[in-house]
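In TrEMBL this protein carries:
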- ARG25, HIS26, GLY27, ARG28, THR29, ALA30, ALA31, ASN32, ARG75: substrate binding site (BINDING)
- HIS26: active site, tele-phosphohistidine intermediate (ACT_SITE)
- GLU97: active site, proton donor/acceptor (ACT_SITE)
Amino acid sequence: MYRLSNEFHNGGLFFMKGYRISVIRHGRTAANDKGIYIGRTDFPLSDKGAAELAGKMDEFRYPNVARVYSSPLRRCTETAEILFPDVQIQTVDNLIEMDFGTFEGKSADELVHKPEFKEWLKGGMDCRPPQGESVKEVQLRIFRSLREIIRDMMQEDLLHCAVITHGGMIANMLAGFGLPKISPQELQCQPGEGFDIYVTADLWQRSQAFEILGMVPYSR
C-alpha cells in the first residue's frame, strides 16, 4: 500500500471505535452519457440520472445513516438529496473529483492520439494530466477527507454514515486504503452504487487502512 507523509499518524484517531461508511457514486449526468471527462465542472444530474436513482430506491435497499458527507459538486449533493431526503448533508471539499486539467470536457476518442494522454493512461502515483492532479495528490485529499469525516463521526457518535462522491475518488479510496487489496478495475461502480467500508482505530493507526465489507445498495 502506498504510504503518504507522517501526517497520516496525526489527527487523534487512536481511540476510535469502529464506524461504518457507505461510499456511493453520484447519479448519472449528461456528461457521463457523452463519455467525456468531467472533474471540477459542476454538472447537475440529468433527468435520466435522477430517474435511475429513484428506480434503484424502489428495487434495492439503501442504508439508514445518521449523516451524509458529500462532494460539493451538484451531481453529488443532488444524489444525496434523492437517496437520503431526511438526512443532514455536510459538504467536504476534499471529496471533489480529480482535476483532469486539459483533459476536462474531452472524450477518450478526442485524446487518444495525444502523447500526454497515452502517458497518463500508463498510470503511476506521480502521473497527471497536463495542469491536472496526480494520483498521489488525490490520495492525500482522500485521506484528509476521511480524517475529517471520521473525527466528526466520533465527536457526534455517528456509527453509520454515507459518503457521496465520484467514481474515480471511490476507486482511488478503496485501492489506496482498503483491505483486502483489490485492483482499481474491480472497484468500478455504477451511478448510485458503491461500497460499505469499516474503520477501526487499530487498523487505521497501524496501516492507514480500512475493511471493505461489500456492495451498496443491498438486496431487499
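The backbone N, Cα and C atoms fix where each Cβ goes, and this holds for glycine too.
TrEMBL does not curate its annotations; it predicts them automatically.
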Fewest-neighbour residue among binding-site residues, criterion Cβ within 10 Å, set ALA31, ARG75: ALA31
Least Cβ-crowded entry, counting other Cβ within 10 Å, from the recorded positions listed as ARG25, HIS26: ARG25
Distant-in-sequence Cβ neighbours of GLU97 (active site, proton donor/acceptor), under 8 Å, six or more positions away: ILE38, GLY39, ARG40, SER71, LEU73, THR165, HIS166, GLY168, MET169
Among the substrate-binding set ARG25, HIS26, GLY27, ARG28, THR29, ALA30, ALA31, ASN32, ARG75, as the record gives it, the longest Cα-Cα distance in Å: 15
DSSP three-state assignment (helix, strand or coil) for ARG75 (substrate binding site): helix
